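Student: Sharing the features that TrEMBL gives for it:
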- 40-58: transmembrane segment (TRANSMEM)
- 64-82: transmembrane segment (TRANSMEM)
- 129-150: transmembrane segment (TRANSMEM)
- 156-175: transmembrane segment (TRANSMEM)
Amino acid sequence: PSPLTGSSPQALVDDTEDVSLDLGNEEELALRKAKIRHPLATFFHLFFRVSAIITYLFCDWFSNSFVACFVTILLLLSFDFWSVKNVTGRLLVGLRWWNQIDEDGKSHWVFEAKKVPTIAVSTEAEARIFWLGLIICPVIWTVLFFSSLFSLKLKWLALVIAGISLQTANLYGYIHCKLGGSQGISRAASRFLVTDVPK
């Protein structure tokens, strides 16, 4: 026995096992539990798109000027397109897309998904808000399109088509990012067809 510890050297060897220390796990768990880590980005992800729809629906109550309503809604749609494409997509889900022109003058679409450790990934609540806002609002604009078409409010059709176009472009871009570009979409489609076709 050792005079200092009162135990044999063999007992010391047995008590010192390799233990993996998960340094930083506490911080990662705290970040995962946080409901919304980017409150400002989450707010503006929904603010411009919901404001455009509300302004479209209640514009006649606030102004009799078609031009003022048209410009206001178009500005809100443009702010929404820019903020979702350049800010909230990166912060809330780690995705981004853009178009670049190479030296030959050919246009290339680039779809990226951030490859980062889980500590930097957004929370589930943020991702859910991002995708719900991205999917539901183009559906609402599509309903408004048919509503204005069947009620013969033809002067509003150009604005509704702009709303559908801008929000569907973001949806299309982020679906490409999520699935890994065109190859990911074709792989996902082939997997769906192979697994879901009855034999």
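In case you wondered, yes, glycine gets a Cβ from its N, Cα and C as well.
Describe the structural context of these features.
Tutor: Beyond the transmembrane segment (64-82), the same-chain residues lying 6 or more positions past its ends with a Cβ under 8 Å from any Cβ of the stretch are 48-49, 51-52, 55-56, 155, 159, 162-163, 166-167, 169-170.
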Student: State the non-local partners of the transmembrane segment (40-58) in its own chain: residues 6+ outside its ends, Cβ under 8 Å from one of its Cβ atoms.
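Tutor: For the transmembrane segment (40-58), the nonlocal Cβ contacts are 69, 72-73, 76-77, 79-80, 83-84, 87-88, 91-92, 126, 129-130, 133, 137, 140-141, 144, 156, 159-160, 163, 167.
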